[in-house]
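Enquirer: This is the structure, below, for whatever I ask next.
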Amino acid sequence: MPKNRHVIIAGGKTGGHLFPGIAVAQALMEKDPSTKILFVGTSAPFETDTLARYGFAHKSIIARPIKGKNIFAKAWSASLVGISLFQALVIIIAFRTDFILGVGGFSSFALVLGGRILFRDTAIHEQNAFPGMTNRMLSKIARTRFISFKETKGMPENETTLLVGNPVRRPLSTPLENIKSDDSILNQINADDFLILVTGGSQGAASINRAFTDAAAMMKDTRQLFIIHQTGKNAEAQIQQFYATGDIRHKAAAFFYDMPAIQDRADLVISRAGAGTVSELCIKAKPAILVPYPYAADDHQTANARFLADQGACIMIADKDLTGETLLAAIEDLQHDTNKRSRMADTMKALAMPHGADLIADRILGGNISKKENNVSA
């Protein structure tokens with residue numbers, strides 16, 4: 001197995017793309033600490049801040065979709081693709097890159113394309129059953145395609161498309177100074193507390209925030225309840241003000257950087273149904289109330305949640321049906337039925353594909369995972 005591999009992980013901007021890349025990077029460092037890893041993406045604060053907190057190097061390039069209301073705007077937008085490709089080529093050469101993994105988002109396009117131009121090994125990972133536009137294009141360019149679902153659309157069904165599942169981050173083993181507060185939250189929770197984790201993803205979810213605060217206002221006995229609420233940046237102050245007027249023990253913040261550790265302790269998770277979230281819940285065997293984002297591409301979140309609900313692994317509430325009353329009824333149903341939560345957890349665990357990050361890392365480090373169980377053409 002080659003040593004001192006130089007690996008670029010390209011893409012990000014949102015947690016759905018960035019966190020699988022972080023999971024692969026963690027697996028690479030565990031398997032071979034001599035690996036050099038560089039994330040290349042946008043200058044979005046969420047992306048740069050998150051990678052800094054995980055201790056990974058990052059470079060940004062110009063990365064925008066080709067769009068515009070007229071031909072001149074489209075031409076300008078298209079010219080930026082050429083600039084981003086030039087930036088990508090410079091970075092690939094300067095970093096002495098051996099392997100490029102695209103994890104989605106427009107910034108991954110230039111890096112994977114640049115990698116093929118320079119004859120570097122390339123791959124993409126698709127988190128959803130319905131690939132986004134960037135990965136649909138890159139599926140024709142990248143040498144290897146890693147997918148999370150056997151039913152993933154639009155990928156070649158041959159030995160270069162490998163079913164690995166969705167890479168899931170490890171908890172931070174040595175938190176940096178500026179995120180130690182995540183640990184202090186868990187220290188506030190008693191052993192017999194019922195911990196509800198409420199999250200709308202890295203950017204928050206207005207409908208979940210609204211419905212949960214309405215539900216919380218109607219809760220009668222909250223003495224053994226603790227809420228950890230990831231609000232998103234825009235709603236943080238409003239949600240914190242709501243909790244300040246009541247007596248529910250809680251921690252509300254725009255974002256929690258060590259979410260895996262919080263998920264480990266949670267008794268119930270209320271969240272959207274993105275592929276990364278679903279994978280984490282399955283691996284961690286967590287009972288959940290899922291509220292699919294109704295405007296996701298091809299409505300893939302509804303498909304994710306419905307699949308789990310049909311197996312008895314979660315309760316699904318459509319966004320249009322989400323109110324304080326419907327959410328409170330679902331919470332109370334699970335909070336007071338230990339057996340039901342246990343059955344949900346068992347079903348979640350049975351559906352898990354926990355080795356995605358390791359399988360991708362093995363391929364990057366020179367291993368061969370084109371086995372029958374991973375090959376979608378098998």
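Heads up, the Cβ atoms here are built off N, Cα and C, so glycines get one too.
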Enquirer: Report the candidate from Ser43, Ser202, Ser271 that shares the UDP-N-acetyl-alpha-D-glucosamine site with Thr14, Gly15, Gly16, Asn128, Arg169, Gln301, as recorded in TrEMBL.
Expert: Ser202
Enquirer: Would you count the other C-beta atoms found within 10 angstroms of the C-beta of Asn128 (UDP-N-acetyl-alpha-D-glucosamine binding site) for me?
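Expert: Around Asn128 (UDP-N-acetyl-alpha-D-glucosamine binding site), other Cβ atoms within 10 Å: 26.
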Enquirer: With UDP-N-acetyl-alpha-D-glucosamine as the bound species and Thr14, Gly15, Gly16, Asn128, Arg169, Ser202, Gln301 as its recorded binding residues, calculate the greatest Cα-Cα distance and give it in Å as a whole number.
Expert: 20
Enquirer: Excluding near sequence neighbours, so keeping only residues 6 or more apart in the same chain, what lies with its CB under 8 A of Arg169 (UDP-N-acetyl-alpha-D-glucosamine binding site)?
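Expert: Sequence-distant Cβ neighbours: Phe19, Ile22, Ala23, Gln26, Met259, Pro260, Glu280.
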Enquirer: Reported in the order helix, strand, coil, what are the DSSP residue counts of the domain 'Glycosyltransferase family 28 N-terminal' (7-144)?
Expert: 69 helix, 25 strand, 44 coil
